[in-house]
Amino acid sequence: MKALHFGAGNIGRGFIGKLLADAGAQLTFADVNQPLLDALNKRKRYQVNVVGEQARVEEVKNVSAVNSGSPEVVALIAEADIVTTAVGPQILARIAATVAQGLITRHQQGNTRPLNIIACENMVRGTSQLKQHVFAALSEDEQIWVEQHVGFVDSAVDRIVPPSEAGSTDILAVTVETFSEWIVDGTQFKGQPPEIVGMELTDNLMAFVERKLFTLNTGHAITAYLGQLAGHQTIRDAILDPAVRQTVKGAMEESGAVLIKRYAFDPQKHAAYINKILSRFENPYLHDDVERVGRQPLRKLSAGDRLIKPLLGTLEYQLPHDSLVTGIAAAMSYRSEQDPQAQELVTLLAQLGPKAALAQISGLPADSEVVEQAVSVYNAMQQKLAH
């Protein structure tokens, strides 16, 4: 199995790339970070530190790397059996032209073996969005050929992979938690789905996508935002603060009530899933910084993301949402000198005021009760910070 993975960052190396390599794939990473590519090509291997109760070091072998802007990538797509990505939602559109060129070359070479493309991003149906960008760069004839021979497979991914420790001397080493979940839409494959241990097939992907988004992502973000407000440095410190924990757990229970209503989840099993996630946030071996987890607040406050989407579900089913609203107010309070979106958020709040700013970012009606509530909590948070 020939595999090409876009994104040689921590998630690429520590999660998706690792599962592909473990499955015996001939794996090539595509990235723009030249020192990283040089190190991968020189060593052909790297270490993954799996941390938890039983820490272990695993080695990923027989890997290579190419620059994602190079002609080699096009040639690899023309030959690959599987193409995966972990580049971040914003970058997906940027790699689409390269993917399209690879598919055109594949067509020209007469390669009719099935190819499956799986975007492994923190977004809802990311591969379907990638497909739209790719198809925009294809002629009608090429689109027809691609529809026949290429599967665009949506997925849900879950593994906490913090950045490398400061002072780490090995550019390739990566630290990951023990837990990992990669769920793919089994209905979207062309040909037989590849056998990859750790990749689960489902015919009801949206239930898993929203379960993860509404629980892990919602909880992680709110832990970060409330943690920063309370002066905590790491996710672990924040979630061990009883006040933060109460709101985070409350928000996950509120979003969970939406999932139970929408997908008929078992309430007891979902409660256990929430507790499992809280224990993952407490992992003493993961040093995950609240400022890192909170970054890109404009994206995280957008209509389809981890804060507003579950809130919209509570409004749809007339369910409680006080903790989610507190989380939204905390996201509005996020500040970071390192994050351009945090700077933009501050500008919007100053120019428009909190009410109009939240409405513009989230798509919620400015005069809605829920926006009034979020602004009221936000103002109280700002007053508290001022004293």
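Numbers run from 1 along the shown chain.
Keep in mind that glycine also has a Cβ here, set from the backbone N, Cα and C atoms.
As recorded in Swiss-Prot:
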- Ala3, Leu4, His5, Phe6, Gly7, Ala8, Gly9, Asn10, Ile11, Gly12, Arg13, Gly14: NAD(+) binding site (BINDING)
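Long-range C-beta contacts of Gly7 (NAD(+) binding site), restricted to its own chain and to partners at least six residues apart, with a cutoff below 8 Å, comprise Phe29, Ala30, Asp31, Thr85, Ala86, Val87, Gly88, Ile91. In the three-state DSSP scheme, Arg13 (NAD(+) binding site) is classed as helix. All protein chains considered, the CB of Gly9 (NAD(+) binding site) has 18 other CB atoms within 10 Å.
Long-range Cβ neighbours of His5 (NAD(+) binding site) (same chain, at least 6 residues apart, Cβ-Cβ under 8 Å): Gly12, Ile16, Gly17, Leu20, Leu27, Thr28, Phe29, Ala30, Val83, Thr84, Thr85, Ala86. DSSP assigns His5 (NAD(+) binding site) to a strand.
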